[in-house]
Amino acid sequence: MTTPDQITDPNRVLIFDTTLRDGEQSPGATMTHDEKLEIASMLDEMGVDIIEAGFPIASDGDFEAVSEIARRTERATICGLARANFKDIDRCWEAVKHAKSPRIHTFIGTSPLHRAIPNLTMDEMADRIHDTVTHARNLCDNVQWSPMDATRTEWDYLARVVEIAIKAGATTINIPDTVGYTAPNESAELIRRLIAEVPGAEDVIFATHCHNDLGMATANALAAVEGGARQIECTINGLGERAGNTALEEVVMALKVRHDIMPFTTGIDTTKLMAISRRVSAVSGFSVQPNKAIVGKNAFAHESGIHQDGMLKNAETFEIMRPEDVGLTETSLVMGKHSGRAALRSKLKELGYNVEGNQLADVFFRFKALADRKKEVFDEDLIALMQDEERSGEDRIKVESLRVVCGTGGPAEAQLTLTVDGAPLSSEAKGDGPVDAAFNAVKALVDHSARLQLYQVSAVTEGTDAQATVTVRMEEDGRIVSGQSADTDTVVASVRAYVNALNRLMMRREKAGRDAREISYKDAG
Ligand code: KIV
Ligand code: ZN
């Protein structure tokens with residue numbers, strides 16, 4: 001195992017992934033414990049140097065997830081976040097100490113706006129930074145310190161507190177652009193000046209942590225590297241609060257494709273990018289926009305006649321990277337309804353799913369049902385099917401049957417049967433269109449006060465028989481949950497996604513230690 005401190009190549013850029021911390025902090029992107037373990041293991045296999053696994057003091061769930069990831073991870077350094085107080089730092093250490101290579105990341109907001117919140121003077125804050133970084137360093141050899149909102153902090157004060165943190169023992173200094181305010185020139189210059197002017201700067205690694213509010217996170221991160229930063233903090237698909245964080249896949253591929261002008265390397269196996277992007281999208285409920293760089297559905301699709309003609313003659317005319325470099329295999333016709341169980345097993349294995357025994361029998365049954373409805377089953381269909389299978393595994397509420405009557409000449413009508421902990425409940429409802437009627441039927445059985453924030457439908461493949469992936473996001477008392485499902489029937493996918501979100505809402509309530517029965521069930525049938 002090579003830990004970041006053993007890397008000696010001056011042009012090697014460390015990749016610090018914060019999908020499970022800053023990404024998961026994004027409203028609605030909550031992941032379950034098992035999902036976090038799975039994503040951490042994929043990040044480790046892909047070659048991420050440091051995984052920020054969570055914020056251990058935030059909740060018992062976060063603490064457990066960080067501890068478990070620390071215990072299991074083979075290669076990457078495992079980092080936890082802590083505010084600038086001893087209690088947070090101690091809790092963080094308790095979680096990360098199980099790792100082969102642990103790191104404590106402590107931070108405090110240093111800009112005038114952020115200093116005003118704890119109401120500390122500049123001197124008081126400087127003392128706090130000294131004391132908390134010293135405390136962290138007494139626990140762990142590997143300490144990262146961040147002046148939150150660094151890009152809006154007065155230059156002199158920023159340089160002063162960076163020096164204090166280095167003297168107190170920080171080994172990585174992260175410069176966050178917390179509100180996505182900086183621009184490439186300024187981002188490079190800030191790091192360059194800190195390295196040139198702060199005593200001790202040559203002994204630590206400078207990191208860049210950019211948010212995407214002005215759409216410049218990737219450019220700002222790369223500019224910071226030009227300025228001397230050797231750690232990029234990023235998330236898969238750019239997941240994160242508001243407009244998100246720097247997207248891992250973008251900075252990694254930019255450094256690879258434009259090595260001629262940016263002679264830096266990372267340890268990422270880029271052929272694993274597509275698989276992890278899909279997985280993060282599925283577990284977070286945040287779909288990837290079709291035209292998203294590197295991992296969007298259209299990133300390698302050439303529609304226009306001129307482009308297609310050029311591509312057929314020589315792929316390099318319009319492609320600066322090959323689809324296989326990011327793990328995108330040619331979309332292939334998988335199988336039809338006559339395909340057997342062994343063929344399905346081997347195809348799923350190729351797509352990264354090891355399915356055996358009862359699970360294989362279950363998936364095979366669902367595959368056959370899909371193949372009956374849809375002539376051609378593509379890789380994307382199988383991935384959607386697997387994601388549905390995993391999502392619904394532990395659901396307490398399941399959709400048993402749904403019939404909808406809709407069309408011109410009257411309101412749509414839905415008849416629905418759900419099972420709640422195995423017991424059937426039925427309802428009928430009317431609505432303005434089939435989805436509205438079906439959602440009203442769910443609401444008649446599962447009473448809740450959550451507000452629908454997002455209802456989104458996208459086609460998995462081409463054609464009118466394509467499966468629809470539906471995402472539903474709901475908010476209740478500040479808790480935001482997402483649900484997803486895919487089916488060739490858009491209304492069925494919609495109801496399953498809605499029910500999936502309700503199941504997650506119940507889980508969140510249980511996690512918050514409140515009575516899950518706040519959602520009451522009634523037999524409206
Ligand atoms: O954006 C930010 O400032 C952060 C810090 C906690 C590093 O995420
Ligand atoms: Zn951040």
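Just so you know, glycine gets a Cβ as well, placed from its N, Cα and C.
TrEMBL annotations: computationally assigned, not manually curated.
Taken straight from TrEMBL:
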- Asp22, His209, His211, Asn245: Mn(2+) binding site (BINDING)
- 13-274: domain 'Pyruvate carboxyltransferase' (DOMAIN)
- 398-525: region 'Regulatory domain' (REGION)
What average pLDDT is reported by the model for the domain 'Pyruvate carboxyltransferase' (13-274)?
97
Would you please pick out, from the binding-site residues His209, His211, Asn245, the one with the fewest other Cβ atoms within 10 Å of its Cβ?
His211
For ligand 1, pick out the binding-site residues Asp22, His209, Asn245 that have a CB under 6 angstroms away from one of its atoms.
Asp22, His209
What does the DSSP secondary structure composition of the region 'Regulatory domain' (398-525) look like, as residue counts for helix, strand and coil?
37 helix, 57 strand, 34 coil
